[in-house]
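Straight from TrEMBL, the features:
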DOMAIN    1-87  domain 'Chorismate mutase'
DOMAIN    115-292  domain 'Prephenate dehydratase'
DOMAIN    304-379  domain 'ACT'
SITE      Thr285  site 'Essential for prephenate dehydratase activity'
Amino acid sequence: MNLDDIRVQIDEIDEKLTALFEKRMDLVLQVAKYKEETGQKIFDSEREKKVIDKNKGYLKNKAYEKSLEDFYNDMMAISRKFQAKQIFSSDIEDISDSEVEKIVKLAKTRKASPKVCYQGVPGAYSEEALIATFGPDTERVNVKEFEDVFNKLQEEDIDYGILPIENSSTGSISEVYDLMREYGYYVVGETSIKVDQNLLGVPGTSLEDIAEVYSHPQGLKQSEEFLKQHGDWKLVPFRNTAESAKLVSESGSKEKAAIASRRAAELYGLEVVEPSINYNNNNHTRFVIIGKNLEINDDANKVSIIFAAPHKAGALYGALSYFAENNLNMQRIESRPVIEKSWEYFFYIDFEGNLKDENLKKAIVEIERNSTYFKLLGNYKSHI
């Protein structure tokens, strides 16, 4: 038998497979309707395992066992996706009445010569991120707490705020995520800076002198491997790394040390007792820029949203399936609890795209219409 003869047989089998696939998907549609009516979840891991194991038993050539398992996994993934689309789909041809479309039409552009607020004192990493984004001559306002940045924006004392949102070593800064949802402002940009944590003390301080170490909880966590070597030190969480440096400087005590930047050391007359004590040498913090208005530029390539899925079986799977169906590249998902409702969550998602793309906008509207809570956070240029 030559190659053409083999291909003819494969084509005949493919034709039969297509007919069987169509018949199977008709049955999958019936399953979707039943699950919707009875509130059953789309993904049933036990059922899928039984299907795979049962069909492995039909194999005569056991060398194909792993390939058969892959085949059924792919087919059942297609079935789940189809079920989700049937259960959670909506007509998205007309998006004119959607909140997303209304907000996008009101989008503005970046304000020139803005006043920008950060949390902490001069020398804070937030100030470094501000300078890196807006320039050293930008008018700056500093406040004590993260929420104070939002209050300044609410009072229209500033044009933008800049806040840390996640660190490459220690993960998300949950308080900022919660405040973004609570206040409802927009993410208009982002930046990332390398964070180099240093142990600082007053001039002449040695490791043997130190009894207490002050820093932001993230600074302490990023330096935990170094700190484990000095288990007798008292670790004191503080509002900000630079404020910790300022406190140590004002104390004048060699028994106190701070974990902060070299710039903070210079500003507050401290010495670096031990440099680069963070355990990850590639330690970066991502900052978001928040504003009262949505801003969209032609080079925007990242979209951020918050949503809450209905509290029923398969709802989250259905919402996330829109990303796959519309070829949206999800970059990050973060969950935060709904305080008033046990075991329910808000989901913060970052993905690639520009809201001037109509297909992308329709995909977001589809998520909006099938969510119990939805907020478009922003569309901006990625700097990660």
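Each residue, glycine too, has its Cβ placed from N, Cα and C.
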Identify, in sequence order, the residues in the chain of Thr285 (site 'Essential for prephenate dehydratase activity') that are 6 or more apart from it along the sequence and have a CB within less than 8 Å of its CB; answer 'none' if there are none. Tyr125, Ala129, Pro164, Glu166, Asn167, Ser168, Ser192, Ile193, Val195, Gln218
May I have the DSSP-based helix, strand and coil counts for the residues of the domain 'ACT' (304-379)? 23 helix, 28 strand, 25 coil
Find the average pLDDT over the domain 'Prephenate dehydratase' (115-292) in the predicted model and report it. 95
Three states by DSSP: which one describes Thr285 (site 'Essential for prephenate dehydratase activity')? strand
